[in-house]
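Data first, discussion second: the structure below is written as structure tokens.
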Amino acid sequence: MKKYPKIGIRPTIDGRQGGVRESLEEKTMNLAKAVAELITSNLKNGDGTPVECVIADGTIGRVAESAACAEKFEREGVGATITVTSCWCYGAETMDMNPYYPKAVWGFNGTERPGAVYLAAVLAGHAQKGLPAFGIYGRDVQDLNDNSIPADVAEKILRFARAAQAVATMRGKSYLSMGSVSMGIAGSIVNPDFFQEYLGMRNESIDLTEIIRRMAEGIYDKEEYAKAMAWTEKYCKKNEGNDFNIPEKTKTRAQKDEDWEFIVKMTIIMRDLMQGNPKLKELGFKEEALGHNAIAAGFQGQRQWTDFYPNGDFSEALLNTSFDWNGIREAFVVATENDACNGVAMLFGHLLTNRAQIFSDVRTYWSPEAVKRVTGKELTGMAANGIIHLINSGATTLDGTGQQTNANGEPAMKPCWEITEGEVEKCLEATTWYPANRDYFRGGGFSSNFLSKGGMPVTMMRLNLIKGLGPVLQIAEGWTVEIDPEIHKLLDERTDRTWPTTWFVPRLCDKPAFKDVYSVMNNWGANHGAISYGHIGQDVITLASMLRIPVCMHNVEEDQIFRPAAWNAFGMDKEGADYRACTTYGPIYK
């Protein structure tokens, strides 16, 4: 079982003994327990285990008790804190001073004791000391004996906790570059300063010859390989598509069979490189058994590898999927072309939702007029104002087929613990594996092809690094859409019929970048996007503020934005205030 960070709950109290403190002990501790129960009951880690909370041993009224709480949290592996109170407390004495923890304060809205006054006072202290904290204050007054958590308070607590757990989970992990820069793509020029200072992560790197060495020297689990090949024969190879290569570039059946064996070994080895494998230690490969402690990775592929060896499409697709030959499991995060910037956006989406993430080229904007000209048909329904073609070189998660269903029977991408064996088979059945286009991939291989079901709410994200500014984040909430099959066929075949397609329509609003579908495409900051199931823009914005990454483009309603209270001091324009606050505070780990 993986070890995850915990969330610390800090019940603070008026320190005046002799009647005041004693009258508040039970109430304050009950609020702390209610917050812990809320989080544990609603939030899960990537493997499906509940997010754990640690409550201070007692209420915190004076600085010695703050220090004792801090020591306990360090021992217990806490990665973020929520301070809870129903009364006045001594602000600077009782506040959380750990500079690395995301922190929030819930001040109970009651009349008998001034929880709101403490909230305001301690948030002022956090702002003055440069330790931003999220303020949580219920809209409606509660009675003193009411220990329930109002819906608006619960929403903010869970939004904070979800993002804070993501921050703490990635801290101390690695991003593994398998290979180096792919085709001059800026996102694959990996910036170690960004990872270290903003995410608290380290960068690991291997030359792709390491994969060949492990194949040649048998540094992989042979039993697992046999199991993996049998599974691949049953579920993937049987869905091998037509070979569209010209005759002189078409591989023989024997060569294709060798490619299947090669890419299955490659998948096992890439996974072992990321997380290690205790089986390798049993086989005598102690160093290789360790792995690189990678929570995310990227595979360069093009051009040096793919010009000579089978491409990484199968390996990337399977690793990014919530299942493989070992059964249903948490999806990995692996960026095509080692685009680390997109890999980070995928990591954000995965940690916030516990779902597999789609990696795609943001390939083409199709206007209604262009579609009519090319196909003779009109886009209708949600696609009527134009569509964005999200497509990748056969390396997209199979969860993206939309063959999983939610409680309402609608297409979905689900956390691994909700996925059924029947849904696994549907995802596999909906995927065709085409021999790779050898104009692009001279070494061959196989590319996944599917068409995502329409009607899924999704959020497209992208992290960009800007010289002189630093990282910025883009967010576009929208939906996958289904279009007329004849329109899809014509548009798909003039793009690449061997690759997976997701037709995307963003939610439009009065912001310039979202005035129409074309503007979303025109304002996108790079060639790739990370697509997560669900409208999670609010959570992404909260996470970005914790990491001091400004959001330059989003279509989230302003009243849904939840950032640290200190952001209010940087002006009433939320976008400008975000930039000013992130610049002022700078990265957490610098």
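Just so you know, glycine gets a Cβ as well, placed from its N, Cα and C.
Record note: Swiss-Prot gives E337, H528 as Mn(2+)-binding, and the candidate from D313, D324, D361, D510 in that site is D361. The least crowded of the binding-site residues E337, D361, judged by other CB atoms within 10 A of its own CB, is D361. On its own chain, H528 (Mn(2+) binding site) has G187, T336, E337, D339, C341, N342, F359, S360, D361, V362, R462 as residues at least 6 apart in sequence with a Cβ closer than 8 Å to its own Cβ. Those residues of the chain, other than E337, D361, H528, with a C-beta within 8 angstroms of the mean position of the Mn(2+) site C-beta atoms are I185, G187, T336, D339, N342, F359, S360, N392, N527.
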